[in-house]
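Engineer: The structure under discussion is supplied below as structure tokens; questions concerning it will follow.
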């Protein structure tokens, strides 16, 4: 099996070869089911019998109608039925190597054929091929987890092993399909079951470099310090591959950093011999250890505080308060020629302190956008606006501009309330299940509905994903009606806080405009300095600037914020009118646009039901293709792209392009949740949930009726469009504002 071959890291050049290291890597499964690279069974690409026959196969060709193996491979149920009716073969027929028709149907993802053979009496535990493997093992090596589930339902033993001692859990781990692993782990297979060399599933996942599988095993209770026959622990195997996420995750779960193999090799020595020292050192640093693996000792006993996530969250939140004050004070009290470079040095120095603290703190704070720092930037701006207004602007303008002051106080208060509510409120986390039995029941239900895929199940939260939900990597939770994760509030925006977030943006927009008006009147009413001296500006502008430079610079700063606030407000209002979230706006709706009659015909032939969705089959009659749910590799882009996302520019221009797009309206992807602008706006703004207070988790208005997005798994019938709406598949894209 190609996916089980040792990775290139084991054949390192020079002295770092596996032979020089003395390691004994897990050998790859072999046999008939591993004779060719894995292929997804489609109309024109399936595992051919001829490609997997041994050289001893007879040269004489067999007519298709009489070749039971070929019939099983291509899924011709009617032809197979005819062979059985004519008594030419039985369901338990096997060739000289013990391979049965069920093996070929399983490896080619022929669900209907597998079901027919099982109903006809086929042995689900029959072993065959050079690897002496069962049909479930063959299917597992191609990640056909619907086939595996079918076989398990009919008595397939998940603890059976092939000739090399691999059971189905090991084979599934080698291919790295998390959904198949979730299915198998819920079959009560011991998570640390070993192969003939003592390798656990966690060791295989670490060796192959599959972070998602490593995380799944560890969350399931796998032992991070288990050792194989050679004394190698999962940490050693992760360093053989050199996967940083795998090493980090294993260290996070308490792996022994000094564990030695039977020949005395520590993880550090393995990293040195496998040329993965850079991975080892970086992992140690991010986990708070020095290069020798010892816990870093910080001066003045700061270690416990710096490593405390709650304390560091507060530090990053309040640090921008100081940064803003220092910069504004320098720029307002020094000569411009000195002020600009000194302010730049101050910013660099304060940022260096923050980054230094981040490098010693929790690993999730390594990137500044993943800390509450940006939320602190806004909160700091809000704080200094309040201080300046109370101490200087209000005393000078309350008698001359009473209504303007009243308006500002109202909108400042509303902005503050809605901001902190959006930041601290539960955005709509989908409740997790209470036990593994509940998880098993949900998985079984999804298999019955042909919906066990990433659109409908989250392998991180182990829950069924409601429509419009998305798993947020930052929050590590699925959020109902997920809009986006906003770093400016350090929280997700979802069904529970979306309305408050929109109100926060709108009140902020009005508040900024009122404050700019007030401060202009305030500065204009101040007496001019007796001898204004400026190096660049003319006397008139210089006189105005020097009246209260600090307040004027604060005005410039918040006026800059007005740009992205305006764009974000426009985008949110447009999306409200469409009943659309930011994520849906950026990624689009997943619509099945296949012709209904064609799909019904194909489904009826292969699965006995006219609903292709109910059968979960492709147009060729094959089982669901797990590869179709896998997202491709994503490039995060450079600094400009990241800041464009943070400031909302990409969302604004995407919305503008969508609004100005040429062509008929019908050509656009249809949103089955939209009921027209008036109804959409009424649902959003007239929702009976309180504006000032918590709503019932997950509840919202849809078409004038109360719905709960925590439990919405089917689109309401009145919202049905020409295509079947599906929940937007989650991918780990950059944060969208």
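Note that Cβ sites are derived from N, Cα and C of the backbone, with glycine treated the same way.
Below are the features listed in Swiss-Prot for this protein:
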ACT_SITE  486  active site, S-palmitoyl cysteine intermediate
COMPBIAS  7-38  compositional bias 'Low complexity'
REGION    1-60  region 'Disordered'
REPEAT    131-160  repeat 'ANK 2'
REPEAT    164-193  repeat 'ANK 3'
REPEAT    197-226  repeat 'ANK 4'
REPEAT    230-259  repeat 'ANK 5'
TOPO_DOM  1-314  topological domain 'Cytoplasmic'
TOPO_DOM  357-372  topological domain 'Cytoplasmic'
TOPO_DOM  424-500  topological domain 'Cytoplasmic'
TOPO_DOM  571-737  topological domain 'Cytoplasmic'
TRANSMEM  315-335  transmembrane segment
TRANSMEM  336-356  transmembrane segment
TRANSMEM  373-393  transmembrane segment
TRANSMEM  403-423  transmembrane segment
TRANSMEM  501-521  transmembrane segment
TRANSMEM  550-570  transmembrane segment
Engineer: DSSP says what for the repeat 'ANK 5' (230-259): how many helix, strand, coil residues?
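Structural biologist: Here the numbers are 17 helix, 0 strand, 13 coil.
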Engineer: For the repeat 'ANK 2' (131-160), DSSP counts of helix, strand and coil?
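Structural biologist: Split into helix, strand and coil, the repeat 'ANK 2' (131-160) gives 15 helix, 1 strand, 14 coil.
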Engineer: For the topological domain 'Cytoplasmic' (357-372), give me same-chain residues lying six or more residues beyond its boundaries with a C-beta closer than 8 angstroms to one of its C-beta atoms, as numbers and ranges.
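Structural biologist: Beyond its ends, the topological domain 'Cytoplasmic' (357-372) has Cβ neighbours at 248, 252, 285-288, 296, 298, 303, 306-307, 309, 312-313, 315-317, 474, 487, 490, 642, 646, 735.
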Engineer: Pull the DSSP breakdown for the topological domain 'Cytoplasmic' (424-500) and write it out as helix, strand, coil residue counts.
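Structural biologist: Summed by class, the stretch gives 17 helix, 17 strand, 43 coil.
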Engineer: Average the per-residue pLDDT over the repeat 'ANK 2' (131-160) and send me the rounded value.
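Structural biologist: Reported value for the repeat 'ANK 2' (131-160) is a mean pLDDT of 93.
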Engineer: Determine the Cβ neighbour count for residue 486 (active site, S-palmitoyl cysteine intermediate): the number of other Cβ atoms within 10 Å of its Cβ.
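Structural biologist: Its Cβ shell of radius 10 Å holds 25 other Cβ atoms.
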Engineer: In the same chain, who gets a Cβ under 8 Å from the transmembrane segment (336-356) while lying at least 6 residues past its ends?
Structural biologist: 316, 319, 322-323, 326-327, 330, 368, 373, 535-536
Engineer: In terms of Cβ proximity under 8 Å, which residues at least six beyond the ends of the repeat 'ANK 5' (230-259) contact it?
Structural biologist: 7, 9-10, 23-25, 197-198, 200, 202-211, 214-215, 218, 222, 224, 265-267, 270-271, 274-276, 279-280, 282-284, 286-287, 289, 293, 363
Engineer: May I have the DSSP-based helix, strand and coil counts for the residues of the repeat 'ANK 4' (197-226)?
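Structural biologist: With helix first, then strand, then coil, the repeat 'ANK 4' (197-226) has 17 helix, 0 strand, 13 coil.
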Engineer: Sort the residues of the topological domain 'Cytoplasmic' (357-372) into helix, strand and coil with DSSP and give the three counts.
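Structural biologist: Secondary-structure composition of the topological domain 'Cytoplasmic' (357-372): 10 helix, 0 strand, 6 coil.
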